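Undergrad: Mind having a look at this structure? Questions to follow.
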Amino acid sequence: MFLNKKYPSLIEKKMDDLMTLKFCYLIITFLIITNIFSLAINIWGGGDMIDRQSCENIFYCPKDWVGYNNACYYFSNNNKNYTDANNYCKNSHNSTLANNDTKLLNLTKLLNLSKLYYNDSTYWVKYSLPKNKAVTLRNSTYKYDRVKYTETFFICSN
């Protein structure tokens, strides 16, 4: 029963292990050489073969700001009156209250964006009016002198 089975001798087994080891060394050497070659090509001028993305279209917003349509917006989560909100925006990343003069995004879209990120609350935004004029919002008239006392959320943009 055991006589027909062939067991490799110790010398044959070492020979197989040695061949396996040499083969592993050969593969590792090949991989190291190809990595060094690729690195050398990238460092010394062969970088034209790699397609690089243009950085012109990339913009970064400060932490806790939302990037949208090439502009950054900060949606407050605390209430301030208009004057304090405007000052906060000026002191925060050199920004302003979001306003109706923005060329990148109209105010309606901005307020719809605020619903997406936060809630249906009201926000201070800067809307240019001639002096001593009032604006009608939701069937209510607010004059500029009242804004110092009304506290609500606000949106900064830069």
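Count begins at 1; order follows the chain as displayed.
Cβ atoms here come from the backbone N, Cα and C positions, even for glycine.
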Undergrad: Could you pull the disulfide partner of Cys61 out of Cys55, Cys72, going by Swiss-Prot?
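TA: Partner cysteine, according to Swiss-Prot: Cys72.
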Undergrad: Return the member of Cys61, Cys72, Asn94 nearest to Asn81 (N-linked glycosylation site) in space, with distance defined Cα to Cα and candidates limited to these recorded positions.
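TA: Nearest in space to Asn81 (N-linked glycosylation site), counting only the recorded positions, is Asn94.
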Undergrad: Rounded to the nearest angstrom, how far is the Cα of Asn94 (N-linked glycosylation site) from the Cα of Cys72 (disulfide bond)?
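TA: About 12 Å separates the two Cα atoms.
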Undergrad: Any idea which of the glycosylation sites Asn81, Asn94 has the thinnest Cβ neighbourhood at 10 Å?
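TA: Candidates: the glycosylation sites Asn81, Asn94. Fewest Cβ atoms within 10 Å: Asn94.
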Undergrad: Need the DSSP three-state call for Asn81 (N-linked glycosylation site) to compare against my parser.
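TA: DSSP assigns Asn81 (N-linked glycosylation site) to coil.
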